[in-house]
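Let me begin by presenting the structure, written as structure tokens, before commenting on it.
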Amino acid sequence: MPKGGRKGGHKGWARQYTSPEEIDAQLQAEKQKAREEEEQGEEGGDGAAGDPKKEKKSLDSDESEDEEDDYQQKRKGVEGLIDIENPNRVAQTTKKVTQLDLDGPKELSRREREEIEKQKAKERYMKMHLAGKTEQAKADLARLAIIRKQQEEAARKKEEERKAKDDAALSGKRMQSLSLNK
């Protein structure tokens with residue numbers, strides 16, 4: 001559409017990005033075409049006229065491999081123009097899975113360390129609590145002792161009341177039996 005129209009003309013609206021897969025497919029198609037042309041050149045080669053083309057194609061294929069390597073090492077912006085040596089800059093190196101050190105001690109983050117310390121402190125406290133050495137454990141034990149005394153007293157009172165009731169019932173029956181005997 002023309003720029004004066006309603007739609008289009010704005011930055012970013014109609015942009016289409018090619019995915020890496022599409023780029024790889026295009027490169028493969030170009031290589032395939034180059035191979036086919038090379039094969040056709042060999043079939044219809046006129047000796048001296050065919051040789052330079054072959055040499056050029058082989059050089060192009062070598063250059064395309066070099067260009068792929070250069071593309072990966074190519075620097076962005078001004079970095080390609082100015083050669084800077086920074087002693088503090090660490091070059092990123094990719095490690096293979098076989099090179100990874102999984103057996104070595106893994107450094108924990110601050111949160112992980114604090115969480116582990118918290119769990120250990122909780123375990124220590126529970127051991128102390130079960131041993132009865134903490135203030136809360138002492139208070140609980142004292143409360144339990146008071147409750148046991150109260151329960152024992154209540155059980156003793158019930159037993160005494162039951163005995164008194166039984167005695168009263170027995171004495172009442174004796175009185176009735178005595179009164180009946182008369």
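In case you wondered, yes, glycine gets a Cβ from its N, Cα and C as well.
The feature compositional bias 'Basic residues' is assigned by TrEMBL to 1-13. For 51-60, 103-118, 152-168, the entry in TrEMBL reads compositional bias 'Basic and acidic residues'. Positions annotated as compositional bias 'Acidic residues' by TrEMBL: 61-70. The domain 'Casein kinase substrate phosphoprotein PP28' annotation in TrEMBL covers 86-163. Look at TrEMBL and you will find 1-118, 152-182 tagged as region 'Disordered'.
As a summary of secondary structure, the compositional bias 'Basic and acidic residues' (103-118) carries 9 helix, 0 strand, 7 coil according to DSSP. In the domain 'Casein kinase substrate phosphoprotein PP28' (86-163), the DSSP tally of helix, strand and coil residues is 54 helix, 0 strand, 24 coil. Taken together, the residues in the domain 'Casein kinase substrate phosphoprotein PP28' (86-163) have a mean pLDDT of 88 on the 0 to 100 scale.
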